[in-house]
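Engineer: Just dropping this structure here.
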Amino acid sequence: MYFGLIVPAYGYAYFAPAIIQSLGHGTIQTQLLSVPPWATAFGLSMFIAIISDYTKHRYVFTLLPTLLGLVGFIILLTVHNNNHLQYAALFLAASGVYSAMPIIVCWFNTNLAGHKRRAVATGWQVGFGNIGGIIAAYAFLAKDSPRYITGYSICIAFMVLSAVSCILYLLGVSRENRQRDRGNAHGSDLSLEEKQKLGDLNPDYRYIL
C-alpha cells in the first residue's frame with residue numbers, strides 16, 4: 001500500500017518544478033508557485049487525518065485521496081497543451097498522494113498490537129516502501145521532458161497497485177474480524193495470559209477498517 005504511493009510522491013518532486021517553469025515564469029516565481037500545491041496537500045492531509053481519527057475509520061480515507069491523485073496524474077499524462085490545467089493537476093496529484101500516505105502508515109501500524117511488532121513492522125513498511133524512490137528517480141528522465149509519458153504511466157500504475165492493495169487488505173482484515181466475532185479464529189480456546197502475548201493475533205482483538 002505504502003510502496004505504491006512512494007513512487008508518485010518522489011516523482012512529484014521531480015516533475016512539478018518543470019511544469020511550473022513551463023508557464024514562462026522565472027526561477028524565483030517558479031519556486032513561489034511550487035508552494036500552493038504543497039500547502040493544499042498539507043491542509044487536506046490534516047483535515048483527512050482529523051476526520052479519519054474522529055470516525056475511527058481508515059479505508060475510505062486511503063482510497064479517496066488515492067483516486068484524487070490518480071485524476072491528477074491522468075490529467076498530466078493526457079493534457080500537454082494547457083499549462084494552466086497541468087498546474088491545477090499538480091494540486092490534485094499532491095493532495096491525493098500526500099494525504100493518503102500518512103493514513104496508510106497509520107492504518108497498518110494501528111492494526112498491530114504490541115510495541116515490538118509495531119516497531120519491526122514500521123521499519124519494514126517504511127524501509128521497503130522507500131525503494132520506490134529509486135524507481136521514481138529512473139522514471140522521470142531528462143530525455144522524456146516535458147511530457148514524461150513513461151514517468152506518469154509508471155506513477156499511475158503504482159497508484160492503482162496501492163488502491164488494489166488497500167482493497168485486498170480491507171477484505172482480509174474484515175474477514176478476520178468476522179471469524180473472530182463467530183469465535184472461529186485460531187487460538188480462541190487459549191487462556192487470558194496466552195491471548196495477551198499474541199498481540200493483534202489475539203482472537204479478542206479487532207482490526208480497524
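Any Cβ shown, glycine's included, is placed from N, Cα and C.
Here's the feature list from TrEMBL:
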- 35-52: transmembrane segment (TRANSMEM)
- 59-79: transmembrane segment (TRANSMEM)
- 85-108: transmembrane segment (TRANSMEM)
- 120-142: transmembrane segment (TRANSMEM)
- 148-172: transmembrane segment (TRANSMEM)
Engineer: Cβ under 8 Å to the transmembrane segment (35-52), counting only same-chain residues 6 or more beyond its ends: which ones?
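Structural biologist: Same-chain contacts beyond the flanks: 16, 58, 61, 65, 90-91, 93-95, 97-99, 102-103, 106.
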Engineer: Counting only residues 6 or more past its boundaries, what in the same chain has a CB within less than 8 Å of a CB in the transmembrane segment (148-172)?
Structural biologist: 1-8, 11, 14-15, 18, 59, 62-63, 66-67, 69-70, 73-74, 76-77, 97, 100, 104, 107-108, 132, 135-136, 139-141, 209
Engineer: What residues in the same chain, six or more past the boundaries of the transmembrane segment (59-79), come closer than 8 Å to it by Cβ-Cβ distance?
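Structural biologist: Counting only partners 6 or more residues beyond its ends, the transmembrane segment (59-79) has Cβ contacts under 8 Å with 1, 5, 8, 15, 19, 44, 48, 51-52, 85-86, 88-97, 99-100, 103-104, 107, 148-149, 152-153, 155-156, 159-160, 162-163, 166-167, 170, 209.
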Engineer: Below 8 angstroms Cβ to Cβ, which residues of this chain, lying six or more residues outside the transmembrane segment (85-108), approach it?
Structural biologist: 1-2, 5-6, 8-9, 12, 16, 19-20, 22-23, 33, 36-38, 40-42, 44-45, 48-49, 52, 58-59, 61-63, 65-73, 75-76, 79, 121-122, 125-126, 159, 162, 166, 169, 208
